[in-house]
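If you look up TrEMBL, you'll see Gly39, Leu40, Thr41, Gly42, Ser43, Gly44, Lys45, Thr46, Gly85, Asn142, His143, Gln144, Asp145 marked as GTP binding site. Marked as Mg(2+) binding site by TrEMBL: Thr46, Thr63.
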Amino acid sequence: MSDLRISEAFLYMDYLCFRALCCKGPPPARPEYDLVCIGLTGSGKTSLLSKLCSESPDSVVSTTGFSIKAVPFQNAILNVKELGGADNIRKYWSRYYQGSQGVIFVLDSASSEDDLETARNELHSALQHPQLCTLPFLILANHQDKPAARSVQEVKKYFELEPLARGKRWILQPCSLDDMEALKDSFSQLISLLEEKDHEAVRM
């Protein structure tokens, strides 16, 4: 091979390297989804979201009105609007539903029968609300590390989820602060449902 051909070959290789390093462009932006997070006071909403955001547990304060957290994942960013769960706040939940693309409902699986009944009524109300009824739902049965925690099967039966959520996109998962991998997996499943809904909207 002549010196000219060798020189051309090296120049072409340099060009390819330059394109690979300098002309790749910025990585594509992660999609963002706006979610609403509801549940009774003490269900653990704030603690779970703070842990996902790698915040110090010492800074966790129960939400009295509402707060918004950007929860980062590898393939999406979830902008989560967390609503306080006290009696005097729950009646205003529906004012904050507009614009939501998905729902997170957190329940204390180790709570008293009375609180569990209240949580059941609130979940039924949310699942049937006109602004939420078509959205993907992630239901987290929290505090699975406590001795009195109900199993997922017990929660599903007590909350009558099979008939209530028929035809909807929903996930019921056990969780606790001690098992972050399971919690992240639950949110990954929710992101998959959100992506499916996005693709359906594009096809329409």
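Numbers here mean position along the shown chain, with the first residue as 1.
Each residue, glycine too, has its Cβ placed from N, Cα and C.
TrEMBL annotations: computationally assigned, not manually curated.
Structural mapping of features recorded in TrEMBL.
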residue	record	Cβ neighbours (10 Å)
Gly39	GTP binding site	27
Thr41	GTP binding site	17
Ser43	GTP binding site	24
Lys45	GTP binding site	27
Thr46	Mg(2+) binding site	22
Gly85	GTP binding site	25
His143	GTP binding site	23
Asp145	GTP binding site	14
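Of all residue pairs in Gly39, Leu40, Thr41, Gly42, Ser43, Gly44, Lys45, Thr46, Gly85, Asn142, His143, Gln144, Asp145, the annotated binders of GTP, the farthest apart have Cα atoms separated by 22 Å. Note: the Cα of His143 (GTP binding site) and the Cα of Thr46 (Mg(2+) binding site) are spaced 13 Å from each other.
Taking CA atoms as the reference points, Gly85 (GTP binding site) and Thr46 (Mg(2+) binding site) are 11 Å apart. Separating the Cα atoms of Gly39 (GTP binding site) and Thr46 (Mg(2+) binding site) is a whole-number distance of 10 Å. Here Asp145 (GTP binding site) is positioned 17 angstrom away from Thr46 (Mg(2+) binding site), judged by their C-alpha atoms.
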